[in-house]
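The next block holds one structure in the form of structure tokens; read it before the comments.
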Amino acid sequence: MKSAKQAPEVSYFDYIIVGGGTAGCPLAATLSEKFHVLLLERGGSPYGNRDITELSHFGLTLADTAPDSPAQRFVSEDGVPNTRARVLGGGSCLNAGFYSRASPAYVKSAGWVGALVNQSYRWVERTVAFEPPVLRWQSALQHGLLEAGVTPFNGFTYDHVYGTKIGGTIFDREGHRHTAADLLEHANPNGLTVLLHATAARILFRRTGGSARPVAYGVVFIDAAGSEHRAYLNKGEKNEIILCAGALGSPQLLMLSGVGPKHQLQSLGIDVVVEQPMVGQSMSDNPMNAIFVPSPALVETSLIQVVGITRFGSFIEGSSGSNFARLELKFGVFSPFQTGEAGSKITGFFHKAGDLPMSHMRGGFILEKLMGPLSTGQLVLKNKNPNDNPSVTFNYFKEPEDLKVCVQGIKMIEKVIQSKAFSRFRFEFTSMEELLKIMLNSPINMLPKHGNASKSVEQFCKDSVMTIWHYHGGCRVGEVVDEDYRVLGIDALRVIDGSTFKISPGTNPQATVMMLGR
């Protein structure tokens, strides 16, 4: 592992992997067993950064607005703040740590070999997955879900099954985060080169032997000082470039390299290598809506541990802590501090929040997330700078069916809050309308709020929509890549990450993305 500034101007490898995230790290470790592999990561190392590694610091990295922050913020055209990872280990360095597999039905529909999938999950789990200690607040959520009818109770399991369960976590018992970068421990050090602060600018293509199909043969990347380097593939029929840059990064790099919608590329002066109209299309984000429940009782600091997997298409989860509302609204789970125009819109809230008594800040968020939203949008390049975020639209709740599921999810959360099991963690006379108003008055997104949103669950869903960072699409299987993740119409180029998904797997995709890399 070294800075890209130390890399030679020209180098040669059997495989070049762009993106050292949840897919790229296990993929690099696996290929290095037999091949000479280059892993390019545009961010730095997670090691030594307590804001990444320690559960007690959760959220602080998301609030880091430095140009080289591990969390690169963007706001979708829908007006919802979001984050993309910029660090070795990817989203596993930033998220709330929940670890859960995809369902057998998902595995079958993806065309994966079940035995190899399970073997790969187990390989990942030996390094990064743990059983969480379930304390009082999470236990109350668990029993509240069961009381509300999200049955049966499935105990602790990594499996995706209907009912209420305790899932895995990538935080160990000491509160230390284990990321996808830890999987590099299994790499052959003689077969792997990891370059940090190495931003891929474009993929190089050529046509050989009169073939109409372009062949990927190298990557141009830029180091932190702005110097350009080139990495080429060694000669060999099986040697490849593999994009693991995520649902924003992979379609963005394809388009910067001349693979994408012709009119969009030409408008930016990018030479078209392959006209591929579906690159950047079918972008989807699982909408999330949450309710903060102030608690009269002390609560533990907990991230996602218990989940209710409903049959109507919503996942119910929660996280808790002391002084939680102030910290989480300001720093982490929902809306990190915005800058510029966005920041001016929400500054006033924090002046008000700072005057509230501590008892109003203690408690937890209970959230619902749609399983497989039907609504989709698109990703569009703003310019030719690979460091800049593209423009992304997810069209939350464009499809009426998505809104129906959200309404059912919010009503299920209300049942949990009103359950006997959860009674010690709610104020007795707090109405659901008051709880909805807490969220509507909080800086969770850039959307205008409607006066009836605390009385209409449908309007609340629309006005309070947030992300839980499970966005996907842009290089979907069957549209941009085939079932073996090879880019259609191009040789020696694959995409292996969340951009290939039609539906985000499981309750959290990170387990499956790491498995897929393996």
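Yeah, the Cβs are placed from backbone N, Cα and C, and that goes for glycine too.
Annotation source TrEMBL lists FAD binding site at Val87, Trp469, His470, Gly498, Pro509, Gln510. The disulfide bond feature in TrEMBL is assigned to Cys406-Cys461. The annotation domain 'Glucose-methanol-choline oxidoreductase N-terminal' is assigned in TrEMBL to 246-260.
Mapped onto this structure are the features recorded in TrEMBL.
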| residue | record | Cβ within 10 Å |
| --- | --- | --- |
| Val87 | FAD binding site | 28 |
| Cys406 | disulfide bond | 28 |
| Cys461 | disulfide bond | 24 |
| Trp469 | FAD binding site | 23 |
| His470 | FAD binding site | 25 |
| Gly498 | FAD binding site | 30 |
| Pro509 | FAD binding site | 26 |
| Gln510 | FAD binding site | 29 |
Any idea of the Cα spread of the FAD site, Val87, Trp469, His470, Gly498, Pro509, Gln510, as a max distance in Å?
18
At the level of the C-alpha atoms, what whole-angstrom distance separates Gln510 (FAD binding site) and Cys406 (disulfide bond)?
23
Inter-residue C-alpha distance, Gly498 (FAD binding site) and Cys406 (disulfide bond) (nearest angstrom):
23
So, in DSSP terms, is Val87 (FAD binding site) helix, strand, or coil?
strand
DSSP residue counts for the domain 'Glucose-methanol-choline oxidoreductase N-terminal' (246-260), split into helix, strand and coil:
11 helix, 2 strand, 2 coil
Could you give the mean pLDDT over the domain 'Glucose-methanol-choline oxidoreductase N-terminal' (246-260), rounded to a whole number?
99
Cα-Cα separation of Pro509 (FAD binding site) and Cys461 (disulfide bond), in Å?
23
Could you state the CA-to-CA distance between Trp469 (FAD binding site) and Cys406 (disulfide bond) to the nearest Å?
17
Which whole-number value in Å describes the distance between the Cα atoms of Cys461 (disulfide bond) and His470 (FAD binding site)?
18
Could you say whether, by DSSP, Cys406 (disulfide bond) belongs to a helix, a strand or a coil region?
helix
